[in-house]
Amino acid sequence: MDEEDFSASSSKQYYPYYPHPQPHPSATGTTTTTPTSIHHAFETSEFSTFSPARDLTFDFSGKWATDILLETATAIADRNSGRFQQLMWILNELSSPYGDTDQKLGSYFLQALFNRMTDSGERCYRTLASVSEKTCSFETTRKMVLKFQEVSPWTTFGHVACNGAIMEAFEGESKLHIIDISSTYCTQWPTLLESLATRTDETPHLKLTTIVATKNGGVPGSSTSGTAAGSLASVQDIMKEIGNRMGKFARLMGVPFKFNVIHHGGDLCELDLSKLDIKEDEALAINCVGTLHSIRAVDNRRDMMISNFKKLQPRIITVVEEEADLDVGVDGMEFVKGFQECLRWFRVYFEALDESFARTSNERLMLERAAGRAIVELVACAPSESVERREPANRWSRRFHGS
């Protein structure tokens, strides 16, 4: 890709944008703006009129995207169509998916806000997920996951902490079974196999059952720190290759090993526990890395999943989740509050990628596009169907203590 492709001027938004409102002279000689009614989300009679007296000047020397995007979200909450269109015009001129952090935030959130106001979020999300399938091969996925884990200490720390806790819970046991519900394609387990191989007592037998949950039976619930989404067939091919490599590594370590994969279409709380093939003489651990937030946060489904875990009587349950409260409200100030937290969290994420990856890195581009899909899903899709709504640690803690 040429360097010029990364300039802001060559990267205008690639999705349809509605016509900009044109100023018309009023009888008094001043300029007013006539809102353009172009889709059902904006009925002129339901919104206040844009006031040119309200300041549209922003400080572009700092984090300008945050200010403009929050103003845009507030205009949606206030049902101010004129101001919304003015701000969208500004964002469209300044944003670029190949620019700096602010330009990228502007680009991805602009797309999500446009999808929200045109009720096209679900269609856009499906299209973006379908496009990502073209890059969902084993090698590209492996490189992206490993590179991300190399530069992100929170992922490595989660793996080390979980493995240490599991090893402690399995001490002295000869038959081990780990139910792995994760988004990291088994990158956690080579170090655990090494630890099992060096145990002072007899090397135990390990059975690893990996659950691969897919949204609507096809597209995996993507996590910004996880993997690119792809078709079910692509994921099956990837997991088959991972199983082969895990088996070879286990033989090298001298650990008796069995690898199972269960592909589950739909919500994780609907998982058929009988498919897990748990034996009475096995010490059981359940490991959840970056996946519990993909359970839809409606009808107490997340509580139901934890109750299902309890029925299996595991020795230990390990959970790694990102510390965030990404619950974008449906309307009004609840929407603005959730949007603000979403914007804050993704700014941190994009800044981390900017510090850790080369500008033209393919892995970085894949991660940023996965983040773009997540933003569309959070801002423009129905909360009842969301697989991206994260919760803070204290909420998960209360949920586990309650069960």
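The backbone N, Cα and C atoms fix where each Cβ goes, and this holds for glycine too.
Given the ranges 56-60, 176-180, 366-370, the record in TrEMBL names 176-180 as motif 'VHIID'. In terms of DSSP secondary structure, the motif 'VHIID' (176-180) contains 0 helix, 5 strand, 0 coil.
The average pLDDT computed over the region 'VHIID' (145-210) stands at 91.
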